[in-house]
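First up is the structure itself, then whatever we jot down about it.
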Amino acid sequence: MTAGGRGRVNIMMEAPERSRSFNFSSEELDSSALSSSMSIDRLFPALLECFGIILCGYIAGRANIITSTQAKGLGSFVSKFALPALLFKNMVLLDFGNVIWPFLWSILIAKVCVFFLVCILTLIVASPVSRYSKAGLFSIFATQSNDFALGYPIVEALYQSTYPEYLQYIYLVAPVSLMFLNPIGFALCEIQKWKDQGNHQQSKVVIVGVVVLQVIKNPIVFMVVIGIIAHFVLHQTVPVFMAQFVDGLANSFGGAALFYLGLSMVGQLGKLTKSTVVTLILLTTAKLLLMPLICKDMVDLLDKRNTSDLNHSSLSDYAFLYGVFPTAPSVAIYAVYYNAELEVVSSLQLPANIPSTLYFLSLTHCACFLCSDS
């Protein structure tokens with residue numbers, strides 16, 4: 001629910017008891033109605049953009065207009081060029097002065113809780129043959145959200161006219177998975193690879209070194225670090241000589257990522273087997289129930305310095321909305337890289353995204369319609 005809608009609902013409920021304490025001018029009411037209308041008007045074009053481009057990608061893959069080899073090339077461009085440029089640009093331009101840090105800590109704690117819960121349960125339940133790779137990939141699967149391709153356009157439609165500073169949190173929250181949680185999952189995959197090779201002469205120090213090297217070589221992580229350094233060195237300004245170059249790559253991310261997401265969905269439902277149904281249910285439960293509830297509860301617990309009840313409630317609602325962002329398709333790329341659990345991860349990608357996406361859309365629709373009704 002958006003901030004404006006939540007606040008106006010609370011005001012209407014309390015009006016009979018405190019009618020004398022509220023005197024709204026016609027200008028204030030008109031601006032509130034305009035803000036709600038703008039959110040609704042921006043939401044549906046954003047939904048059409050997101051799912052229309054995804055549908056185009058799916059049709060292109062289904063009709064074999066774009067082959068699987070060409071799709072992998074597009075995926076490499078998105079993950080190694082467009083997204084790093086987008087992250088670099090937004091890290092440089094980020095205004096840390098407007099950041100509400102309890103919100104970031106809340107998301108971090110929620111992701112850590114879900115990550116380790118999925119990891120521990122997988123290590124206990126999974127077969128010893130592949131338990132470490134499953135624990136690593138499933139934990140990443142349950143915590144890495146599709147923040148940029150799907151989440152950002154819809155959040156922009158909901159909050160651009162009410163709380164525009166909320167948009168920058170996506171660029172701050174995304175590195176939580178990329179820099180802190182994903183390396184743990186990569187380490188488990190490296191352990192599984194080490195066990196499968198049967199050559200146990202490598203020391204644990206070597207394994208740790210390999211994992212650290214792989215994380216540093218990841219262009220997404222690398223450009224986040226470079227962007228944060230450039231933020232302070234360049235004083236929140238992208239140099240003129242490289243501004244258009246960075247903008248060109250960054251602006252190409254949105255459409256290319258959505259199109260690739262549609263391509264990656266082709267043929268995935270046919271790979272779903274009985275052995276993956278239980279895994280699908282557990283991962284979907286963790287993503288749709290545990291993650292948003294922990295996010296919301298942690299904001300309510302940690303955001304004590306916020307004196308505005310309206311802003312606090314809107315931030316809590318935003319944390320819940322963020323918790324149900326659909327899973328990112330990049331987990332399948334990790335599975336390909338480690339040559340582990342590829343069939344399971346790819347078969348889970350589309351079915352796990354369907355309920356998450358529907359739930360996400362239902363929340364955004366409820367938020368906008370409550371705004372318009374109030």
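Keep in mind that glycine also has a Cβ here, set from the backbone N, Cα and C atoms.
No curator has checked TrEMBL annotations; they are predicted automatically.
Sequence-distant contacts of the transmembrane segment (43-61), counting only residues of its own chain at least 6 positions beyond either end whose CB sits under 8 Å from a CB of the stretch, comprise 68, 71, 149-150, 153-154, 156-158, 255, 258-263, 265-266, 361, 364-365, 368. The transmembrane segment annotation in TrEMBL covers 43-61 (among others).
Taken from TrEMBL, the feature transmembrane segment applies to 73-93 (among others).
Marked as transmembrane segment by TrEMBL: 99-123 (among others).
The transmembrane segment annotation in TrEMBL covers 166-184 (among others).
Only residues 6 or more beyond the boundaries of the transmembrane segment (205-234), in the same chain, are considered here, and those with a CB under 8 A from a CB of the stretch are 79-81, 83-85, 87-94, 96, 175, 178-179, 182-183, 186-187, 190-191, 194. Look at TrEMBL and you will find 205-234 (among others) tagged as transmembrane segment.
Per TrEMBL, transmembrane segment is recorded for 240-263 (among others). Within the chain, the transmembrane segment (240-263) has long-range Cβ neighbours (under 8 A, six or more residues past its boundaries) at 49-50, 53-61, 66, 71, 74-75, 77-78, 81-83, 85-86, 88-89, 146, 148-150, 153, 329.
Taken from TrEMBL, the feature transmembrane segment covers 275-294 (among others).
Feature annotation from TrEMBL assigns transmembrane segment to 319-340 (among others).
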Leading stretch by Cβ pairs under 8 Å, where the reference is the transmembrane segment (73-93) and the options are 99-123, 166-184, 319-340: 166-184
